[in-house]
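The FAD binding site feature in Swiss-Prot is assigned to VAL43, TRP44, SER45, LYS46, VAL108, MET470; the stated evidence is similarity to another entry. Annotated NADP(+) binding site per Swiss-Prot: 54-56, 183-202, 219-220, 351-352, in sequence order, evidence recorded as similarity to another entry.
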Amino acid sequence: MESFDIVVVGAGWYGLMAARTYLELAPETNLLIVDDSSTVGGVWSKERIYPSLFAQISHPLFEYSFYPMPKDDISPDGFVSGKTIHNYLTSFTRDHNLLPRLRLNTRVERVRRGPSDAGGWVLDIKEGNPLLCHKLIYATGANSSPIIPTWPRQTFEQPVIHSLDLGKHQDYIAKSVETATVVGRSKSSYDAVYHLLCEGKRVNWVMRDGLSGPFSLYAPTFMGLWNIADHISTRFASSFSPCIMNTSGFCYNFLQRNAVGRTLTNVYWRAANYLSVSHAEYWRTPNAEKLRPRPYSDGVFWGSGGIGIATAPDFWKVFHRGNITIHSTEIDSLSHGDVVNLKNGYSLATDIVIHCTGFDKGYTTFDPELREELGLQYNSKSISRWSLLDAKAEQTVDELLPYLRTAPLQDMDPDASSRPEQGPNRHFRRLVVPELAARGDRSILFPGHIHSAFTPLAAELQALWGVSWMLGWRELPPQEEMELEAATFNAWTRKRYLEQGKKHSYFIYDYIPYIDTLMRDLGLNPYRKSSVFEEWFVRYKPSDYGTILDEYRDIRRLSLECLQGTGGFAERTNGHGVNMK
């Protein structure tokens with residue numbers, strides 16, 4: 001059994017940044033990164049990208065703060081291609097000397113507690129020897145475990161794949177597919193449909209109907225003038241979203257606590273919804289009308305079916321002129337070589353079936369008992385223990401954010417949030433298990449298990465927050481306070497994002513308050529602009545945070561000097577050499 005100080009599971013945005021940050025602060029650490037793909041990048045690995053795949057964030061917002069992304073293969077509206085992102089993360093791995101610590105094609109089959117005398121964690125590896133580590137950073141992210149429905153099959157011979165593997169099947173699609181069946185209504189379904197239509201294929205798009213509605217898709221620009229991602233990344237825009245992480249200050253008191261302000265908030269979101277609908281022109285065809293966000297008046301606010309941006313400037317033009325039919329039903333069975341049978345009684349011939357059904361939480365590597373201990377799954381005992389906290393959290397959200405009291409009714413089971421497969425993690429700051437942290441156990445961290453479009457910056461802040469805690473440099477609040485924070489966040493995201501919030505730590509519009517929260521925890525100044533005007537109306541981008549690691553080192557150094565009076569610049573913490581320079 002090989003032994004390491006740290007094992008990072010996942011070589012995407014979050015895993016690579018966690019590894020780099022740990023080695024920056026504790027360079028003598030014996031650290032290993034494992035990933036089951038053959039290349040780095042996670043969802044942006046080489047095998048998962050294809051030509052028409054673009055990130056939903058514009059170029060200057062989709063990079064690490066200290067490592068600029070090249071302006072290669074950028075869309076007319078400024079969005080970054082999958083190829084550029086993959087090359088960027090590959091270069092980052094090389095330039096930060098992570099390649100010698102990287103082990104690809106390594107699938108973790110099971111995670112369990114280490115031997116009682118050694119502690120830590122044991123990772124059972126498929127077709128390899130187990131790994132023992134003192135600490136584990138589980139950075140598989142929110143898009144690593146594909147949901148693949150199963151249906152009765154009789155002599156069905158055509159490929160059935162997940163959108164995860166669309167890049168691997170490009171040659172087959174180009175040469176052998178005339179008609180494709182796309183299943184689901186997540187953002188990946190829009191990407192797959194666009195790609196297929198651009199390839200000249202006929203598409204049958206199958207999506208179940210429901211009150212939550214389809215994915216809410218923004219226009220790529222605001223009236224053709226301003227990239228919509230740039231607008232969302234301003235404090236001005238962020239202040240219009242009722243957020244439990246932003247409950248103080250003039251804008252909060254006016255826009256969320258004042259009747260006139262809430263009216264303006266409502267006008268803002270209805271205007272955003274109108275611009276989105278006008279750009280898409282849902283009324284042009286019955287097919288398009290089926291994609292209209294719900295509720296019709298402000299569907300882009302609630303985002304119950306998910307929220308994203310049409311990164312291809314001609315998405316709706318391609319859709320409206322494409323050979324496509326939307327079926328508001330579900331698949332019943334597959335049969336007769338190439339036939340898809342629908343629950344509404346219709347049958348379709350197809351050359352391929354593509355699941356765009358999203359991703360589940362990648363926690364099956366943990367045994368059920370361990371999932372419960374780590375706040376990844378709820379059982380009847382934990383539900384009972386948390387019921388009072390949940391009730392208190394619901395009351396707090398209703399009191400602080402009255403705008404959310406009138407959420408539209410959903411078709412989802414009201415108790416779905418208490419199902420293991422549905423509930424968000426019960427983690428403090430979406431990173432730490434409260435019960436373990438209260439016991440002084442700093443051996444496991446869960447970065448990346450959130451849904452926020454501004455991935456690189458979130459990865460950077462989560463890494464610094466988490467690594468500094470794992471090294472023992474910061475103390476956390478009492479267990480009761482951490483559990484209440486987790487319960488309150490989960491109550492808020494359920495009310496704010498409805499179906500999405502019942503399943504995930506979802507905060508697409510609210511990344512700035514989350515970054516602010518982590519910055520304050522670290523003792524760093526969250527306000528990075530040079531004037532009040534820029535602070536509120538100029539987009540926040542990763543480069544605004546380019547010095548946070550040095551700033552935190554300075555804070556740590558001053559703290560040590562005050563406590564020790566030695567003027568030292570280094571210390572030993574948790575067995576690792578620590579770099580304070």
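For all residues, glycine too, the Cβ spot is worked out from N, Cα and C.
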Request  = With VAL108 (FAD binding site) as the reference Cα, tell me which of the binding-site residues PHE54, SER188, ALA192, LEU196 is the closest one.
outcome  = SER188
Ask   = Which entry in the list of binding-site residues, VAL43, MET470, has its Cβ near the fewest other Cβ atoms, using 10 Å as the limit?
value = VAL43
Inquiry  = Between GLY200 (NADP(+) binding site) and SER45 (FAD binding site), how many Å separate their Cα atoms?
reply    = 26
Remark   = Sequence-ordered list of residues in the chain of GLY184 (NADP(+) binding site) that lie 6 or more positions away and have a Cβ within less than 8 Å of its Cβ, or none, is SER163, VAL206, MET207, HIS355, CYS356, THR357, GLY358
Ask   = Which of the binding-site residues SER188, ALA192, PRO220 has its Cα nearest to the Cα of MET470 (FAD binding site)?
value = SER188
Query = Sequence gap of 6 or more, C-beta under 8 Å: which same-chain residues meet both conditions with respect to SER188 (NADP(+) binding site)?
reply = SER163, CYS356, GLY358
Ask   = In sequence order, what residues of the same chain, 6+ apart, have a Cβ less than 8 Å from the Cβ of PHE54 (NADP(+) binding site)?
value = SER75, PHE79, VAL80, SER81, GLY82, THR311, ALA312
Message = Comparing the binding-site residues GLY200, PRO220, which residue's C-beta has the most other C-beta atoms within 10 angstroms in this structure?
response = PRO220
Task = If we count other C-beta atoms within 10 Å, could you say which of the binding-site residues VAL108, ALA192 has the fewest?
result = VAL108
Ask   = So how many other Cβ atoms are close to LEU196 (NADP(+) binding site), meaning within 10 Å of its Cβ?
value = 26
Query = Which residues in the same chain, at least 6 apart in sequence, have a Cβ under 8 Å from the Cβ of TRP44 (FAD binding site)?
reply = GLY12, TRP13, GLY82, ILE85, HIS86, LEU89
